[in-house]
2 protein chains.
Amino acid sequence: MGRSYVKEIGQSLGKEVEVKGWVHKIHDLGRIAFVTLRDKTGLVQLVLDEKQKEGLRLEMALEVKGTVSENTKAVNGLEINVEQHKVVGEAHYDKLPFSVNRNEKTHLETQLNHRTISLRNPQIRAPFIIQEEIVTAFREYLRGEMFSEIHTPKIISSGTEGGSEMFTVKYFDSRAFLAQSPQFYKQMMVGAGFEKVFEIGHAYRSELHNTWRHLNEYVSLDVELGFIEDENDIMDLEESLLKHMIQHLNQKCKKELELLGVSLPEIQKIPRIELEEAREILLREYDKKSPAGNLDAEGEVLFSAYVKEKYNSEFVFLTRYPVSKRPVYTMPFEEEPSLTRSFDLIFKGLEITTGGQRIHNYDQLKENMLTFGLKPEDFDFYLETFRYGMPPHGGFAIGLERLTMKFCQLENIREATLLPRDMKRITP
Amino acid sequence: MGRSYVKEIGQSLGKEVEVKGWVHKIHDLGRIAFVTLRDKTGLVQLVLDEKQKEGLRLEMALEVKGTVSENTKAVNGLEINVEQHKVVGEAHYDKLPFSVNRNEKTHLETQLNHRTISLRNPQIRAPFIIQEEIVTAFREYLRGEMFSEIHTPKIISSGTEGGSEMFTVKYFDSRAFLAQSPQFYKQMMVGAGFEKVFEIGHAYRSELHNTWRHLNEYVSLDVELGFIEDENDIMDLEESLLKHMIQHLNQKCKKELELLGVSLPEIQKIPRIELEEAREILLREYDKKSPAGNLDAEGEVLFSAYVKEKYNSEFVFLTRYPVSKRPVYTMPFEEEPSLTRSFDLIFKGLEITTGGQRIHNYDQLKENMLTFGLKPEDFDFYLETFRYGMPPHGGFAIGLERLTMKFCQLENIREATLLPRDMKRITP
C-alpha cells in the first residue's frame, strides 16, 4: 500500500490508507484519544484506543495505517480509525519551545531561534508555499516568453556599483566579494546571445541596518532583455508578469491565502508617474518633503495611499529618476540628460523593484564611468561585451522576500525567509 | 509588426517579418551580399543590396524587416529579402578575439577570457540550453512528486563537515563561511514539515586543485526526503529522476544534441554494487589497487568500463561506503556498524552524486558527533530538529555542471559553466 497524503484521503472513504506525519494535537478522552496528524498537505483526525495512544507525545513522527470514515465533527469531516501505527521519529524534549498547534503569537526572534519548530505551524509555513508559487509563476511566464534561466557567479572580483556595502571573501590568496546583484552578468548574457535572461539567485548586501524590510542575504528575481525600444518595454513586461503571478497564486494557493486571511490585489494598469511629480504631490497633498531626487520610506507609504485613492492601484511605477541617484549603467534621456530611463515599482508602500534601460553604446558607457569617477579598466570584463554589437536592453529585479511579505501581508521580511541573515543573525 | 524569431519564419513564407540578431557571417558578392543573421533560436540568410550592406561588420546587432522566400541553397532553405534594416548595436573593435562563426577550437582559457564572445557560437552555447533543460526536468519531476523547492542561506556560521575547505567571509564583526552544501538545512526543512525538499543553488569548495572536473563555485541539485524505508528509496528516486531527465532532454534538446554530435544514454536499471566488491573486481580484473574504503579517479573510470561491458549501463551506484569515509550524519547499518547506508553514483567514469540515508535519532547523532571529534554544542541549531520527531530520511546531490559535462561529452567542466570560478579565475 502506497502512502496517501492527508489532502487525498477523502477519495478513500471506507478504505484502508497509510498516512505519515507528525502528532499535531492530542485530545485524550480516556478510553480513546483523538489525535490530529499533520503532514505536508494538511491535518486529519486519528482515532486511537487506550493501548494505541500510550506514550504518544506532541510532534512525534508517525506512520499510520487505518480506515477512513466520515465524522462531521472532525477537521475536513473525515477521520482515520487506526489499525496500526509506528513511531518513526521520537520525542527527546521536556517541553516544546512554543506551541505548534495554536496560532498564538510567539515573538519573531524566538520563532527564528527554533526555526524548524515554528515552521511546523501551517500558518507560519503558508508564506513559503506561496513563495514557491511566486517563483514558479515568475519562471513559467518568462520561459513562455523565450527567456533563458541563467546561473552566474556570486563570488566576484569587483562591485557593480563601486564596491560599497559588499561582503568580502578570502579567495585563496586574493580578496573577492559577494555579488550585490547579477547586474553586469545578466547584461553580458544578453550580449552573449541569450538575448532574454532571468536569474533566481542570492544577492548580498552588507548594509548596516536591521529593519523589518532589510535582509543581508536575499533572493533576487532578476530579468534582463535585449532588443527593446525603451524602458516602457521593461515596465510592460513587469506588469504582465505580475498579472500572471497574481492569477497563478489565486489558482494554486487558495488554501494558503485563506489561512493567512489575505487576498491579492487586482492589477488593471499600473500608473507610471514621474518621480518629480510624485515629490510635488507629496508636498502639496501631505505637506511631506522628500529627499533630493528620491522618496523616503514614509514618502513611499504616503504616495502609495495617494495612488490607491486616485487610481485604485496597489502598485505604482515611479519613473525618470535623476542620474545622480542611479548606477553608472543607467540610460539617460537624450533630450534631458539629467534624468534616466529608469523606474522603481512601489507596492503597498514598499519598493519591490528597481529597473530601467541600460546604456548599450560602448563609448557612452566608458564616458559615463569616467564621469562617475570609476576606472573603465577595472571593468574591462564587462565593457568588452559592449564592443561587439550590444543591442538596446534593460531589465529589473524583484526582491523575492519583499514581494512575498507584501502578498502575504506579513509585518517583517524575516517571516518570508526560511533562515534569515541579518546583522545579528547567522544561525540557525 | 511583432518580432519573429528565426526558428519561426518558415511559417511566414512570402510575408514580411521583423527579425533581430547579430551579423554572424558576411558573404559579399559585390552587387549584393548574403548576410547570416543569428538570433537566440538559429541562423537565417539575409539578402542585402549594395547600399544596404555598406558598413556592416561581423557581430553588429541588427533589426531587420524583409520578406521571407525560399532558397534551397540557404541554411534552412529560407532567406529574407531585406527591405529595411537598422544597426542597433555597433561594432567598436579592430578584430574579433576569435572567430564566432567557425567551429575552430579556440583554447579554453581564451574562450573564457572573452566569455560573452565565445558564447555567441551556437555550439558553445548549446550545453547551456541543455543545462537549463536538465534543471527544468529535475524541478518538474520533483514538484510532480510533491517536493518543495527551498532557498537556504549560503552564509553560514559553521561547516557541515567540520569546516575544512571552506571560504571565509567577513560578516560584520564576525567570521562566517560559504556553504559547501545545504546538507544541514535541507534535513532541517524535512523536519520542519516540508517532508520532501529540493534546492538548486550555489555550493562553494575552497579546494586546492585546479582540474578538468573541479569548480570552486558550482550549482548543486540537492534533494532530501523524509519518511523513507532506507537508502534504496533514495536510489530509486534518483534512478527515476534520471530516466525522466533523459527523456525530457531527448524531447526538448534534439537540435542541441545534434549540434554537439552526442546522444544520451538509455537507463534500464542502474546496477547497485557494493564498494568493497567494486574494489575487488578492480584488483582481480585490472590489477588496480584502490585507496582504503574508496575508489580513486582512475578506479572510477575502469569500473565504469567494467559495468558498461557487463551490465550495459553507463551509470552505476556504489553502495555501503565505510563510516570512516562518510560524514558524521550518515546512517550506519545496524548489523554492520562499520558500513553506511550511503552511495555514490558514477556516470561514465565520473562521480556525479553522493547520497544516502541520514541518522535521524537524536541520541545516535549526538553520540556520533562525539565519535567524530565534533562538539555537539556547536551544532545545536541542527540537532534541535532531531529532538522533536525527526522521521527517517535521506537524500542526494547532483553536481549540475558535472552532469551537463557528461551529457554533452565535454572535456572540461568549465565548458559547462557560464562564468567559471577556479583557483586562478575570478573574472569575468
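In case you wondered, yes, glycine gets a Cβ from its N, Cα and C as well.
The structure displayed is predicted, hence computed values, not measured ones.
Features of the protein shown, as given by TrEMBL:
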DOMAIN    B:128-428  domain 'Aminoacyl-transfer RNA synthetases class-II family profile'
BINDING   B:Glu161, B:Arg205, B:Thr354, B:Arg358  L-aspartate binding site
REGION    B:183-186  region 'Aspartate'
BINDING   B:Arg205, B:Ser206, B:Glu207, B:Arg213, B:His214, B:Leu215, B:Glu351, B:Gly399, B:Leu400, B:Glu401, B:Arg402  ATP binding site
Pairwise Cα distance for B:Arg205 (L-aspartate binding site)/B:Arg402 (ATP binding site) [Å, integer]: 15
Site of maximum Cβ density within 10 Å, from binding-site residues B:Arg205, B:Arg358, B:Arg402: B:Arg358
Spatial neighbours, same chain, of B:Glu351 (ATP binding site) - Cβ under 8 Å, 6+ residues apart: B:Glu300, B:Asp344, B:Leu345, B:Arg402
When distances run from the Cα of B:Thr354 (L-aspartate binding site) to each of the binding-site residues B:Glu207, B:His214, B:Leu400, the nearest one: B:Leu400
For B:His214 (ATP binding site): intrachain residues, at least 6 apart, with Cβ closer than 8 Å: B:Arg205, B:Glu207, B:Ile413, B:Asp422
DSSP-derived class (H/G/I helix, E/B strand, else coil) of B:His214 (ATP binding site): coil
Cα-to-Cα gap, B:Arg358 (L-aspartate binding site) vs B:Leu400 (ATP binding site), nearest whole Å: 23
Residues of the region 'Aspartate' (B:183-186) by DSSP state, where helix covers H, G and I: 4 helix, 0 strand, 0 coil
Neighbour tally for B:Thr354 (L-aspartate binding site), based on other Cβ positions within 10 Å of its Cβ: 20
Greatest C-beta neighbour count within 10 angstroms, which of the binding-site residues B:Glu207, B:Leu400: B:Leu400
Taken over the domain 'Aminoacyl-transfer RNA synthetases class-II family profile' (B:128-428), the model's mean pLDDT: 96
DSSP state at B:Arg402 (ATP binding site), helix/strand/coil: helix
For ATP, whose listed binding residues are B:Arg205, B:Ser206, B:Glu207, B:Arg213, B:His214, B:Leu215, B:Glu351, B:Gly399, B:Leu400, B:Glu401, B:Arg402, the greatest C-alpha pairwise distance in Å: 19
